[in-house]
Amino acid sequence: MTNSNTRTESHFDYVKIKLASPERIREWGQRTLPNGQVVGEVTKPETINYRTLKPEMDGLFCEKIFGPSKDWECHCGKYKRVRHRGIVCERCGVEVTESRVRRHRMGFIKLAAPVSHVWYLKGIPSYVAILLDMPLRDVEQIVYFNCYVVLDPGDHKTLKYKQLLTEDEWLEIEDEIYAEDSEIETEPEVGIGAEALKALLEDLELTEIAEQLREDISGSKGQKRAKLIKRLRVIDNFIATDARPEWMVLDAIPVIPPDLRPMVQLDGGRFATSDLNDLYRRVINRNNRLARLQEILAPEIIVRNEKRMLQEAVDALIDNGRRGRTVVGANNRPLKSLSDIIEGKQGRFRQNLLGKRVDYSGRSVIVVGPKLKMHQCGLPKEMAIELFQPFVIHRLIRQNIVNNIKAAKKLIQRADDEVMQVLQEVIDGHPILLNRAPTLHRLGIQAFEPKLVDGRAIQLHPLVCPAFNADFDGDQMAVHVPLALEAQTEARMLMLASNNILSPATGQPIITPSQDMVLGAYYLTATRQERSKPEFGDRSRTYANLEDVCHAFEEKRITLHDWVWVRFNGAVDDDDEAKEPIKSETLSDGTRVEQWQYRRDRLDEDGALISRYVLTTTGRVVMNRTIIDAVVTR
């Protein structure tokens with residue numbers, strides 16, 4: 001970690017999450033100011049003063065602990081300006097520095113009694129219960145002050161280590177111990193609450209237990225063996241991370257930086273605050289009350305009740321609703337605890353740390369683009385101008401259309417023809433990546449050549465849908481622009497849709513026509529027997545070439561399923577080759593005309609083909625024409 005002035009740059013390879021020791025928690029929050037004063041402990045539940053609107057000292061927003069609210073200004077206003085950097089005000093004790101330190105400086109609350117960490121107690125599995133080799137129900141009875149636990153049986157004959165005792169049972173044993181004829185010399189020791197739990201965890205010698213468990217595992221089987229392995233795994237993890245089991249019981253609680261749990265003033269003079277402040281306030285109030293009760297030597301039952309309430313307050317702060325009644329705020333809304341902030345899709349890890357937002361990307365609904373080639377996609381002009389804006393601006397300046405970036409942006413906003421022409425030049429040969437979530441295999445993200453289209457929907461070739469598992473009922477896809485030349489080359493060589501015809505999982509073709517395509521091909525080439533077949537030479541149904549048939553169809557002179565005669569000198573696949581022609585006639589010039597069921601050939605004297613007319617439907621001509629256009633490069 002390197003420091004330069006006030007800026008801190010951290011270089012690290014990974015983040016490791018493990019149990020923190022009480023000393024480590026204090027280190028997070030405790031700081032020594034330049035004048036030697038130690039600060040960090042939050043002792044008051046107050047947040048801000050309602051008259052001055054400044055943070056209360058030693059409270060949850062204390063400027064002495066967390067840093068000044070305003071840049072280079074202390075709490076009392078004695079020091080203002082950057083020239084006083086690093087000075088600690090003699091009057092208010094606030095260090096003069098930047099206000100952004102309030103985003104990372106922590107504090108801590110020193111607890112008047114230990115409390116158990118709810119994650120390790122009530123998590124699945126319960127690590128506390130596994131380590132102590134006790135049922136979770138029994139551990140909860142101890143922590144929440146329902147039962148005593150024997151920490152040391154002493155000379156008592158019936159008591160055993162870790163045995164649970166109710167209030168009445170312990171009173172009976174006490175009477176027995178302090179009776180005049182008692183033979184017990186070493187008194188049994190019992191405990192209750194998180195203090196007792198901490199004592200039990202401190203007694204654990206992890207290395208010895210691990211060795212013993214390995215011996216027991218070798219001689220056991222079935223469910224007992226599985227239980228032993230589970231316990232050994234937890235113990236091995238504790239040994240590997242140099243963590244102590246008693247750290248699962250907290251003596252101090254870290255207070256996160258105030259700017260991560262802000263308090264904001266609304267228009268009406270009211271304040272909106274983070275739920276964490278309410279939860280911290282509950283903990284501090286109960287902690288202070290417990291400390292006061294202990295000072296005045298209050299009855300044990302009152303102190304015990306306050307300890308239980310402190311335990312519940314800390315549980316709610318760490319994970320509200322995990323155990324007991326959920327703490328609610330206004331309108332009976334559950335308060336968001338630390339766990340709620342970090343867990344789930346909207347939590348700190350998945351929302352802010354793992355899933356980074358990507359520049360040069362967009363998202364839109366997909367629609368079918370039947371006229372596209374397989375390696376092409378239709379990109380809306382509105383989206384393209386935004387995604388390729390830096391490239392367009394660069395080219396506009398290079399071509400001397402504008403002089404600076406500001407003028408280029410104004411021109412782009414007007415969407416002039418010049419801009420569209422430059423955009424077309426930019427996207428020519430620049431592949432884009434289309435991704436459809438969830439990306440379950442590598443074909444879930446493929447490269448395409450963009451074609452500018454009107455509207456706001458991305459057009460996609462129907463054949464690539466199976467690879468994306470996409471359909472056109474409202475699916476959305478994300479667009480990414482590869483910027484580096486290497487990325488563009490990789491996209492073109494490896495990720496282009498026309499290069500990904502086979503499934504990487506099975507090796508079978510994944511680009512297969514289905515649904516509309518199969519039905520369309522069938523409908524196009526189907527024949528209707530009820531339609532009359534024209535005689536050869538019928539002017540309205542005889543055409544010189546395939547183009548003439550297509551023109552007649554476009555002009556609506558014929559329909560898809562009408563029979564037509566069309567001149568076609570290519571090979572014809574039919575069943576007439578082995579049969580005799582229906583009619584054969586020799587003309588005066590020596591040529592011969594043969595009439596077959598679906599064709600009419602004119603041959604010379606040597607039997608060579610001069611011309612051929614075939615009887616087919618308009619739809620089949622259109623299909624044939626489309627295939628020729630696709631396959632033959634003209």
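Here the Cβ of each residue, glycine as well, is placed from N, Cα and C on the backbone.
Some features that Swiss-Prot has for this protein:
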type	residues	note
BINDING	Cys74, Cys76, Cys89, Cys92	Zn(2+) binding site
BINDING	Asp471, Asp473, Asp475	Mg(2+) binding site
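Distribution of Swiss-Prot features across the structure.
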residue	record	Cβ contacts under 8 Å, 6 or more apart
Cys74	Zn(2+) binding site	Glu63, Pro68, Lys80, Cys89, Arg91, Cys92, Val94, Glu95, Val96
Cys76	Zn(2+) binding site	Cys89, Arg91, Cys92, Val94
Asp471	Mg(2+) binding site	Cys465
Asp473	Mg(2+) binding site	none
Asp475	Mg(2+) binding site	Val365, Ile366, Arg436
Shell of the Zn(2+) site beyond Cys74, Cys76, Cys89, Cys92, same chain only (C-beta within 8 angstroms of their C-beta centre): His75, Gly77, Lys78, Tyr79, Glu90, Arg91, Gly93, Val94
Residue among the binding-site residues Cys89, Cys92 whose Cβ has the most other Cβ atoms within 10 Å: Cys89
Sorted by sequence, non-Asp471, Asp473, Asp475 residues with Cβ within 8 Å of centre, Mg(2+): Ile366, Ala470, Phe472, Gly474
